[in-house]
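A.B. asks: Here's a structure for you.
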Amino acid sequence: MGKFCKDPKVVTADDFFFSGLQVSGNTANRLGSNVTLVNVDKLPGLNTLGISLARVDFAPYGLNPPHTHPRGSEIIMVAEGTLYVGFVTSNTDNRFFTKVLIRETSLCSQLVSFTSSLMWERPMQSPLQVFSSQNPGVITIANAVFGSNPPINSDVLTKAFQVDKNVVNYLQKQF
């Protein structure tokens with residue numbers, strides 16, 4: 001999503017700085033994760049640079065659920081801790097790739113991906129995600145499919161996922 005360039009006469013130093021990545025996000029939620037996104041909306045100096053980043057905090061066994069970034073590729077860097085990552089290639093192969101990262105880097109390019117903490121003793125050091133877009137967007141698969149507004153017809157989802165209609169109705173109620 002494009003942004004108009006700011007008039008250089010009104011640019012300030014604050015347009016090039018973001019404070020907040022040092023603060024742990026609240027992981028007390030049903031997924032046990034929190035994403036702090038730093039994109040062009042929070043850091044105007046990123047405009048036209050084609051980059052953004054995010055800090056992801058995980059509770060023990062927390063999950064950043066299956067999602068995709070429609071406007072950017074992603075690199076995940078783990079400084080400390082253990083992170084289970086995976087992604088699925090696009091149709092028709094739908095190949096699943098996974099790796100446990102310990103101080104490594106993983107690349108997921110506009111594919112359906114997830115990350116999960118394998119730490120059980122304490123919250124893990126937050127991995128850093130870097131995107132090839134100033135505004136990569138995110139589509140969380142379960143939210144989009146089962147939490148759409150208005151809801152997708154349950155007959156469609158029953159057939160698409162090959163599950164009982166009660167399962168679809170239950171999942172839709174969760175959102």
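Backbone N, Cα and C atoms are what each Cβ position is placed from, and that goes for glycine too.
Pulled these features from TrEMBL for this protein:
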BINDING   Asn64, His69, Glu74  oxalate binding site
BINDING   His67, His69, Glu74  Mn(2+) binding site
DOMAIN    19-169  domain 'Cupin type-1'
A.B. asks: Around the Cβ of Glu74 (oxalate binding site), how many other Cβ atoms lie within 10 Å? Please give the count over every shown protein chain.
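C.D. replies: Excluding its own Cβ, Glu74 (oxalate binding site) sees 26 Cβ atoms within 10 Å.
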A.B. asks: Other than its own, how many Cβ atoms are within 10 Å of the Cβ belonging to His67 (Mn(2+) binding site)?
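C.D. replies: Taking every protein chain into account, the count is 21.
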A.B. asks: State the count of C-beta atoms found within 10 angstroms of the C-beta of Asn64 (oxalate binding site), not counting that atom itself.
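C.D. replies: Summing over all protein chains shown, Asn64 (oxalate binding site) has 26 other Cβ atoms within 10 Å.
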A.B. asks: For the recorded Mn(2+) site, whose residues are His67, His69, Glu74, find every other residue on that chain with a C-beta no more than 8 angstroms from the centre of their C-beta atoms, and list them by sequence position.
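C.D. replies: After dropping the recorded site residues, what remains is Thr68, Gly72, Cys108, Gln110, Ser113, Gln129, Phe131, Pro136, Val138.
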A.B. asks: Setting Asn64, His69, Glu74 aside, what same-chain residues sit with their Cβ within 8 Å of the center of the Cβ atoms that define the oxalate site, listed in sequence order?
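C.D. replies: The answer, listed by sequence position, is Ala54, His67, Thr68, Ile76, Cys108, Ser113, Thr115, Gln129, Phe131, Pro136, Val138.
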A.B. asks: Mean pLDDT, the domain 'Cupin type-1' (19-169)?
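C.D. replies: That stretch averages a pLDDT of 89.
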A.B. asks: His69 (oxalate binding site) has how many other Cβ neighbours within 10 Å of its own Cβ?
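C.D. replies: Its Cβ shell of radius 10 Å holds 23 other Cβ atoms.
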